[in-house]
Amino acid sequence: MFVNIQLPNRICIAYTKKMKLVTTELKNKKALIAILIGTFTALFTFPENDWTFSIGIDYSLKWAFNWLFLNDLSLGEIIIFPHGPLAFLTYPTQENIVLAMSVLMIAKVLLAVNIIYLTEKEGWSYWLVAFLLTYVISMIAGMHQLILANVVLLYCNYFIYKRNGIKVFAFVITAFAFYIKSYLAILTGLICASFVFYSFVFCHRKLKTLLQDIGSIVGALLILWLIIFGNLSGFSRYVAGMFHLAQDNSSAASYYPQNNWLQLGIFLVASIALFFIINRTRRSFFFSFLVLLSFFAAWKHGLAREDFYHFRGFLVYVFIVFSIFVVFNRKHTFLNLIVGAVAVIMLFLNIRNTVNYNEKLYRWSWGQPTNFVEFVLHFSDLKEKSLEVTDENISSKKLPQAIHDSIKGATVDIYPWEYSIIPANDLELNWIPRPVIQSYASYTHWLDQQNFKHFGSPQAPEYIIWELDKISTDINGGSFNSIDNRYLLNDEPQTILQILKSYDHFYKDQQFLILKRRDVPIGSRSLTLEENTTTWGEWISVPKGDSGLLRVKMDFKKHWKQRLKSFFYKDEQFWIYLKLNSGLVHKYRIVPKNASDGIWIAPYFFKIDQAPEVKQIMFKCSNQEIISQNINLKWEQTQFGNNPGYVLNFFNKMGFQNDSMIFTSMNQLEVNVLDHWSSVSESNLTVDKYSGQKACVLRPNSFSTTFSYSLDQLPFGQWQIGIDCWVKSSDYDYSNQVILVLEINDEDGRVLWEGQAVDGQLLDGTRWNNISNFVSYVHDKANCMLKGYLWNSGDNEVIVDDLRFSICIP
């Protein structure tokens, strides 16, 4: 029997009002706690006050995007680059530091608010967890990871609270991220797309709501573009550029260190277990669906480039995703913590294998509130000091005064990437950026074509300042190198042709080549000399033709195995070997999509005053077994005007040396007694050779035949000394323990020791690879002995053949 008790109306109203008041107080208390946690975290994790920049590829970008935002964002409307117009927020200079730090602190406060609301419950234990998670993420994460964390958290909080304002806020942050960096745009875009798709398929199933969500995202993107640039004219090309920047990036930008696949395997298994085996709730399904594509994209990004910074970014994102999942899922918490920790630890251990790894780079500060205090109390002094340090850092990029005065006020662009030249010359150069602002990023036909069109248009600058003395080093010892062992004139083949036609030599010294735009572009005509087919590891003779520019267009079909590996991990690396008339072999990495537009062969500019003749070429790849074997070649010769020597004069009107070698000696291991070379035991010889009849087996902890040469035979001065050989080792573990060494000793001991591990040049250990090491040495002492050898300090046998030693004019 139930008794229906009806309370008076006024009591119900009073009770309802009281409950609303309690709820409001609780909400206000939660919001206040979240803001306090976020503010405390933002102050104690305030970054170091270093707003300087210097010379180099990344520093140039720092100056460029800060300057564009501060002075004329409309100039950047045409830019298509992995960094967007708001990229300055991640590396601000003193002019934009207040805005950048404000955004960073807001991101940390928002992180705290999101995490507090994710816990759902009240109480000091939950707030402590929220504080610790907020603090740790803020300590290890930069702007990119903070944005990613907030986007994931907002979608999770929408799942919990079903408030449209949360969803729209996530859309706005996604649009904001779209203009910071392509990596961030892709990850937040994938998270957003996953959320919209999940909501439509598994929740509302309303076409109207789906269209509203898509409209909100597109609207946010367009509104932000309008705010930044004031019009919509460049938006579609910016979006297309994002797509093309994602194409062939795996081949163009990858590093290839030796990973510990046991550690990575455990990481992958633990990740799969966490998302799909241990947890099978509605929340775990939503979260897995939300982050899976972005998780895969972050894996691709971190494991493709795989230097310390890119891999660390992936590690931080993994930590953020797993941490949010444990709090959000609310079931199997202890087991999820253990499995997630195992995954993160395995990934952390593998970071030691990354390129440029250094333990010092991995030291995090647990808190430095003095940074914020210094920022507030000594802001003016910090700005002044930053300017002084920056001016000193970039002072080496000043133009000669006469040249500076002659082009002052004219429109200029910098090639290939050193934009610090502009502030170094007191900002008196009128910079007109090209679409892809650094040459190495034009790694597809479409990207290259944007610069090609620009330099042939009325918007092209009057002058191009071409930096010759670049900060990057050439694996062959030359000066026409790009990044990642690429040849500069192969970075953007179409653009280089346009520059050759539209500009002329104006000035040159050891540091700069100045090109001036022609009133009328010079005419050019291209002729196909021959077409043939070759395969990997086969020498091809360079066809003879009239003087002019000789390029070879190289193309091959992707095998399904290559496509599969490229999709899930990264593509193979591809190289071209150039055999010179002197017998030396130079090598450069190539990007297949650019190679189909033409690889520069002749005249081969090695240095600004050296153009040796190329006799043969060979194509190499890192894993021939999964690559199509047939390579299609088209040899193309281009003439400019009626001047056969036009290309040579374009780069150096003073002429070039064809051969700078003054001494060379090769040991083909066919005879046991050879001048300058130590003998080799017959027991160490093998018929598995690169050339001739014999090669040498280099057993663990042993040295090859050693070359010895008295430098007293050379006059004092600067020399380029090199040693190269052919190496194969099917069992080599890429442990940096096989080293090609050059050393110089005098009566008192060692003067120079330069070792080059074979790892970076041993593309495929089952086949023969050319390994080289070069040093530039100033000979100014008597009684010095030069030596060169291959040293195997590892545990695997190595076979070596055709050791060559050379001394060249630098």
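The backbone N, Cα and C atoms fix where each Cβ goes, glycine too.
Unlike curated records, TrEMBL annotations are generated automatically.
According to TrEMBL, the transmembrane segment annotation covers 31-47 (among others).
Residues annotated as transmembrane segment in TrEMBL: 97-118 (among others).
Per TrEMBL, the feature transmembrane segment maps to 124-152 (among others).
Taken from TrEMBL, the feature transmembrane segment applies to 164-180 (among others).
For 215-240 (among others), the entry in TrEMBL reads transmembrane segment. Distant neighbours of the transmembrane segment (215-240): 73-74, 77-78, 80, 85-86, 168, 171-172, 174-176, 178-179, 192, 196, 446; these residues of the same chain sit at least 6 beyond its ends, with a Cβ under 8 Å from one of its Cβ atoms.
Within its own chain, the transmembrane segment (260-278) is flanked in space by residues 284, 287-288, 292, 295, 318, 322, 325, 332, 335-336, 339-340, 342-343, 346-347, 349-350, 353, which lie at least six positions past its ends and keep a Cβ under 8 Å from the stretch. The transmembrane segment annotation in TrEMBL covers 260-278 (among others).
Beyond its flanks by at least six residues, the transmembrane segment (285-303) meets 148, 152, 155-156, 159, 183, 186-188, 190-191, 193-195, 198, 202, 250, 259, 271, 275-276, 310-311, 313-315, 317-318, 321, 324-325, 328-329, 569-570 of its own chain at Cβ-Cβ distances under 8 Å. The annotation transmembrane segment is assigned in TrEMBL to 285-303 (among others).
Residues or ranges marked as transmembrane segment by TrEMBL: 309-327 (among others).
Per TrEMBL, transmembrane segment is recorded for 334-351 (among others).
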Residues of the same chain, at least six outside the transmembrane segment (97-118), with any C-beta under 8 angstroms of its C-beta?
-> 30-31, 33-35, 37-39, 41-42, 45-47, 51, 88-90, 127, 130-131, 133-134, 137-138, 143, 146-147, 149-150, 153-154, 156-157, 160-161, 324, 327-328, 375, 383
For the transmembrane segment (124-152), name the stretch out of 31-47, 309-327, 334-351 with the most CB-CB pairs under 8 Å.
-> 309-327
